[in-house]
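*Asks:* Checked TrEMBL, it gives:
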{"type": "DOMAIN", "residues": "13-272", "note": "domain 'Protein kinase'"}
{"type": "BINDING", "residues": "Lys42", "note": "ATP binding site"}
{"type": "REGION", "residues": "352-373", "note": "region 'Disordered'"}
{"type": "COMPBIAS", "residues": "352-362", "note": "compositional bias 'Basic and acidic residues'"}
{"type": "COMPBIAS", "residues": "363-373", "note": "compositional bias 'Polar residues'"}
Amino acid sequence: MDRKNYPIGAENYTLLQEIGHGSSSTVFRATCEPLLETVAIKVLDFEKNGLDHTAQEAQTMILVDHPNLQMAHCSFVADHYLWIVMPFMAAGSCLHIMKTAFPQGYKEAVIATILRGILRGLEYMHHHGDIHRDVKAGNILVDSNGAITLSDFGVSASLYYGGDRHSGSSFRGTPCWMAPEVIMEQNYGYNFKADIWSFGITALELAHGHAPFSESPPSAVLLMTLQRASPGLDQKGDEKFSKSFREMIAMCLMKDPRERPSAQRLLKHSFFKKARSNDYIVRTIVKGLPTILYQATEIVIREEQSTSNISAWNFDVEDLKTRASQLPRGEASTSGKDQVVVQQRERCEGITEIRSASEEQNTRTYSAKRSAH
Ligand SMILES: Nc1ncnc2c1ncn2[C@@H]1O[C@H](COP(=O)(O)OP(=O)(O)OP(=O)(O)O)[C@@H](O)[C@H]1O
């Protein structure tokens, strides 16, 4: 891969436009002046995110070397901020593109092409002992050549750091995409198979235009993930999708993580034979996007945020877990239980956070398992 020398220091970059922001950062389109090149710069606030956590995200991005993982050119400190300089992914995230141009979801060959890229990236991460922990359409980026990358390693768990990226004893994720064992914090299963669950939910998100339960508040989503049968391609209109797509999703969404395939095994599934080239992605989804995609999608995102007020979990996780642990495993809920669930007021959309005292223990268990191999 071409590794040019990108200059260190804010004075070498001109910030042009805000193109995205998450719970921990703001991302800008920018020009690298000495190289006359357009780049994306993620600016993270140390005070908000913690120095170690912030630096580790940058280090992971600089270390990764896979075409389907978002790499960083360089990173440096400016004032109280860490700047991570990355290749600019001109078409934005799959979520942005979907909201702008494909609100009902993508067609199957597009989904197969996107997902094969992401699965290759996950196979690389898992092989190197990393769990991504936040796989979703909003973290899949597309460039003007149709290249697909998985981004945002802000919450990944890495064995480069002894398996514990988050000494603050917290883990983050987004409820609709969270695996049952992550919600329940079952030590035996909180490993790379959690990414396979999120991958299956992402497949449904790309097919329907939204993740399952996305209209429900976060605590309801978590309970429904635990209580109900796994979601699948069984909605009205899903007849257009193939049997192999349906099967592939069902394999990812096995409640017991031990029954889910590894990324390596899943890549051999017949569904991925439908995947096409980067050019196909350019022809079908990149070409024809509004040139002001970012402005348009910014408006969509801002509108969602103004109606959802979702900066953090605002319910009792321990209470939720207690209630969930009293439920029979794998049993679908009754409508009565569902009514109780939907009475809660929290919203699902957006980035949320669980603080958990046992996360450290979980990542250590994972680390011990890996080193035993
Ligand atoms: N390299 C890039 N090129 C173009 N757009 C990007 C790039 N990196 C990020 N973005 C945009 O910025 C948004 C936020 O980026 P990212 O998810 O990395 O931030 P975050 O603060 O870690 O978010 P989260 O709240 O999920 O933790 C993305 O959804 C995407 O739209």
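Positions of Cβ are set from backbone N, Cα and C atoms, glycine also.
Please treat TrEMBL annotations as automatic predictions, because they have not gone through curation.
Help me see these features in their spatial surroundings.
*Replies:* Mapped onto three states, the DSSP output places Lys42 (ATP binding site) in strand.
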*Asks:* Count the other Cβ atoms sitting within 10 Å of the Cβ of Lys42 (ATP binding site), across every protein chain shown.
*Replies:* 27
*Asks:* Would you report the average pLDDT that the model assigns to the domain 'Protein kinase' (13-272)?
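*Replies:* Within the domain 'Protein kinase' (13-272), the model's average pLDDT equals 89.
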